[in-house]
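Asker: According to TrEMBL:
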- Asp131, Leu132, Thr133, Arg158, Gln174, Asp178, Arg327, Tyr331, Tyr332: L-histidine binding site (BINDING)
- 62-417: domain 'Aminoacyl-transfer RNA synthetases class-II family profile' (DOMAIN)
Amino acid sequence: MPQLGLLRGRAWTVLLGQLRRPPGSVCIRAVRSHSQVAEALFASQLKPHQEKSNFIIKTPKGTRDLSPQQMVVREKILDVIVSCFKRHGAKGLDTPAFELKEMLTEKYGEDSGLIYDLKDQGGELLSLRYDLTVPFARYLAMNKVKKMKRYHVGKVWRRESPTKVQGRYREFYQCDFDIAGQFDPMIPDAECLKIMCEILSGLQLGDFLIKVNDRRILDGIFAVCGVPESKFHAICSSVDKLDKISWKDVRHEMVVKKGLAPEVADQIGDYVQCHGGISLVEQMFQDPRLSQNKQVLEGLGDLKLLFEYLTLFGVAEKVSFDLSLARGLDYYTGVIYEAVLLQTPVHAKEEPLNVGSVAAGGRYDGLVGMFDPRGHKVPCVGLSIGVERIFSILEQRMKTFGEKIRTTETQVFVATPQKNFLQERLKLIAELWDAGIKAELMYKNNPKLLPQLHYCENMGIPLVVITGEQELKEGVITLRSVASREEVAIKRENLVAEIQKRLSES
């Protein structure tokens with residue numbers, strides 16, 4: 001009765017006691033009774049295993065695994081981005097994945113509800129970082145850094161409803177570039193926009209447009225239209241939705257949900273639906289109402305200077321002054337910008353993919369001061385690249401054209417056609433590794449040659465070195481090109497130099 005082995009504690013003791021009694025009807029009844037107990041206990045032991053069979057293996061909502069093929073694509077994206085950041089003189093920086101909760105509160109406006117709070121485990125209330133900007137500001141204040149040009153690549157977390165089709169997840173990578181310090185107006189800002197253009201062009205995503213605005217201009221518009229100052233952030237958050245919903249819906253939110261007077265909302269609508277270039281900046285300078293507002297004039301002055309620098313950088317045609325751009329985060333204080341892909345695919349076979357903005361940023365001159373005990377400010381401006389959205393576009397392109405991707409960078413495969421050559425292969429591959437050559441071999445003592453060659457073709461490995469009895473006798477190694485299948489004998493001592501020569505020419 002194997003079930004008995006599962007009994008524990010008092011039930012097992014009682015059952016053993018009953019079994020030791022002399023044979024008789026009472027004992028038999030007891031055995032039957034305890035047999036039922038054993039079966040019940042056995043069933044209870046099985047229950048967790050039975051429930052486990054219904055367990056669904058999946059990643060948490062809003063997250064995903066990346067296959068080796070997908071990782072290759074992501075690494076190429078990150079390489080383009082980070083190379084550009086380094087080209088512009090940025091230093092690398094990293095911060096913890098979670099921060100003290102108080103460090104993140106009151107920094108994101110209405111989006112604060114999307115922050116992931118962690119259960120208190122050790123006397124500190126913690127939250128997963130929502131972006132890389134606030135931790136950077138905390139770092140500057142904590143270390144009393146007054147000037148820095150930095151880049152940061154890391155994961156962030158947002159507790160929102162994910163839409164995988166558009167590349168929106170709850171866990172995703174951001175790539176940030178920021179310039180901290182007191183400098184002459186608009187020079188760092190123009191460089192940030194230049195960097196965005198370089199990265200988006202380098203990734204070959206198709207046509208794009210960078211929308212630019214200034215929070216001072218928006219606040220000035222709200223003021224002259226009659227928005228109470230206490231509602232500035234709330235109304236700004238509504239305007240920020242104009243790229244997703246119509247003006248009619250935005251107006252409805254302002255009036256019905258946020259209590260703004262209908263006539264005030266209509267006046268705002270006359271402004272925030274305008275967009276253009278430097279000519280719109282000049283036009284707004286002439287607006288009789290806006291020209292009386294100091295904030296608006298400061299913002300327009302900086303935008304005019306910004307467009308001059310962008311023209312010198314050769315990217316002004318990629319930038320549009322768009323009054324609907326609001327960037328709902330509370331910490332922005334000046335110029336703000338957002339890059340969107342135009343619905344023109346690079347190739348004819350591609351379908352347009354609506355992924356929203358793929359890069360964004362702006363000036364946040366007051367954020368560092370919020371962390372400094374004395375309120376000392378460090379002006380900052382920066383940008384963030386949305387890796388997941390860019391990845392969605394490139395992933396769709398791969399599927400459309402059936403592109404095959406190498407998942408390894410192996411350059412040479414060490415093979416043999418004969419038995420008992422494992423030691424020779426190990427010595428040979430060690431020599432290649434020590435020379436910095438990326439090499440593999442099959443983890444078998446006596447592999448057959450054909451599977452080894454097939455592996456090279458399937459993995460896209462360009463070269464195979466073959467050693468066997470004949471090669472060992474003559475002091476040579478056979479070097480085979482996988483693509484052409486041509487073979488040549490190379491002296492053993494010249495092998496590394498010959499491989500390096502061929503790899504440099506490919």
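Note: Cβ is positioned from N, Cα and C throughout, glycine not excepted.
What TrEMBL says about a protein is an automatic prediction, not a curated fact.
Note that the structure is a prediction, hence the values are computed from the model and not measured.
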Asker: Would you count the other C-beta atoms found within 10 angstroms of the C-beta of Asp131 (L-histidine binding site) for me?
Answerer: 20
Asker: List nothing but the largest Cα to Cα distance in Å, as a whole number, among the residues Asp131, Leu132, Thr133, Arg158, Gln174, Asp178, Arg327, Tyr331, Tyr332 that the record says bind L-histidine.
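Answerer: With Asp131, Leu132, Thr133, Arg158, Gln174, Asp178, Arg327, Tyr331, Tyr332 as the binding residues for L-histidine, the largest Cα distance is 21 Å.
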Asker: Where's the emptiest Cβ shell within 10 Å among the binding-site residues Thr133, Gln174?
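Answerer: Per-residue Cβ counts within 10 Å for the binding-site residues Thr133, Gln174 bottom out at Gln174.
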Asker: Among the binding-site residues Arg327, Tyr332, which residue has its Cβ surrounded by the fewest other Cβ atoms within 10 Å?
Answerer: Arg327
Asker: Between 0 and 100, where does the mean pLDDT of the domain 'Aminoacyl-transfer RNA synthetases class-II family profile' (62-417) sit?
Answerer: 90
